[in-house]
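Colleague: Questions regarding the structure given below will be posed in turn.
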Amino acid sequence: MSAIVDIVGREILDSRGNPTVECDVLLESGVMGRAAVPSGASTGSREAIELRDGDKSRYLGKGVLKAVEHINTEISEAVLGLDASEQAFLDRTLIDLDGTDNKSRLGANATLAVSMAVARAAAEEAGLPLYRYFGGSGAMQMPVPMMNVVNGGAHANNNLDLQELMIIPIGAPSFREAVRYGAEVFHALKKILHDKGMSVAVGDEGGFAPNVPSHEAAIQMILEAIDKAGYVAGEQIALGLDCAASEFYKDGKYVLAGEGLSLDATEWTNILATWVDKYPIISIEDGMAEGDWDGWKILTERLGKQVQLVGDDLFVTNTKILKEGIDKHIANSILIKINQIGTLTETFAAIEMAKRAGYTAVISHRSGETEDSTIADIAVGTNAGQIKTGSLSRSDRMAKYNQLLRIEEDLGDIATYPGRAAFYNLR
């Protein structure tokens, strides 16, 4: 009864008004699964390829009709009749059908939409919530959220070169309370910015994008907001950075244009180390450029026991690249973005490899999102322990937080919230 009998792909719009792919999968029993894929603004060069039409007369060339056509023709022909409960076999069929290392023929946006929709249909068929379908009876750990409250870099139009400054409610007793901590700090920060005459408009991921004189000034405002909201920085709420350093790495230097600095990897590491000593920062994502593995080595040797060092553009949810990083002792954590690799099976493999190596895995959204909340279920289903899904505004971000609130309610007394223990790679 779980045989796939119909697949329909369509072009919809994401949270930035750009086209993305949605897919419906119908099973023999009449059950349907639907999924929509996200899209990133700052992307790693080795990510799986998101297929765009390139037709400048439609959506500035960003249409996805080619990817949709692939779903409705080639992919449909290949997977009709397959058992939706055999996720690994289905994903292998998609990988083999594409035939490239980076999904460039069919498009990772096409393969992922199908992979996700099939999983949703199979979960529905089994009468299980998606997180339980992914993780079985052992899925009970809620993720610690990394909440992006200040945007810079490619996610904003201000003088901050770092892409995200985040708050992390490590001292909350539950996920529900963690969300409350974050929301109250978000509103406190909004008032601080308003009182200073700064913009309170939000960026792609729901964070504020004020023009402040320096990164430290932004950090200090966040600390002020934590205090104003009645919380203790470092104990109840820690800080995280997403440098997205590839975006400001030019000719072997880290160029912080907003602060007039041009630094080599050692000098940039020294600045990050100074901030770590000065502020309650426990996570730094993409602290070095994706191609600067020597810089990553310097950063990891200096801060790898103190701080979670997350590879996003560095690892692009790819087990081959992650294994190389593990072997070379580069970073100590991986960011998991489902559309960087293009199937759920490959996503789960990256999470498992990270855990076996003592690396943490942070499940992540993209800057271009939809109302699809699959990553919330992945975070709980894999017991990942951490999720990064934006600020406390914009319904495309809240869709994930709200799904996690529902999951915690569903789990009841067996739900756990790891807090600081989610950062198990730190000594």
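The backbone N, Cα and C atoms fix where each Cβ goes, glycine too.
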Colleague: Which of these, Asp204, Asp312, Asp313, Asp327, does Swiss-Prot say binds Mg(2+) at the same site as Asp242, Glu285?
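Modeller: Swiss-Prot lists Asp242, Glu285 binding Mg(2+), and from Asp204, Asp312, Asp313, Asp327 it also lists Asp312.
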Colleague: Among Lys190, Lys191, Lys388, find me the residue Swiss-Prot lists at the same (2R)-2-phosphoglycerate site as Gln163, Lys337, Arg366, Ser367.
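Modeller: Candidate listed by Swiss-Prot for the same site: Lys388.
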Colleague: So which binding-site residues out of Asp312, Lys337, Ser367 end up within 10 angstroms of Glu205 (active site, proton donor), measuring C-alpha to C-alpha?
Modeller: Ser367
Colleague: To the nearest whole angstrom, state the Cα distance for the pair Asp312 (Mg(2+) binding site) and Gln163 ((2R)-2-phosphoglycerate binding site).
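Modeller: One finds 13 Å between the Cα atoms of these residues.
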Colleague: On a simple 10 Å Cβ count over all chains shown, which one of the binding-site residues Lys337, Arg366, Lys388 is most densely packed?
Modeller: Lys388
Colleague: Give the residue from the binding-site residues Gln163, Ser367 that has the most other Cβ atoms within 10 Å of its Cβ, counting over every protein chain displayed.
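Modeller: The most densely surrounded of these binding-site residues is Gln163.
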Colleague: What count of other C-beta atoms do you get within 10 angstroms of the C-beta of Glu205 (active site, proton donor), across all chains shown?
Modeller: 31
Colleague: Among Gln163, Lys337, Arg366, Ser367, Lys388, listed as contacts of (2R)-2-phosphoglycerate, what is the widest Cα spread in Å, to the nearest whole number?
Modeller: 17
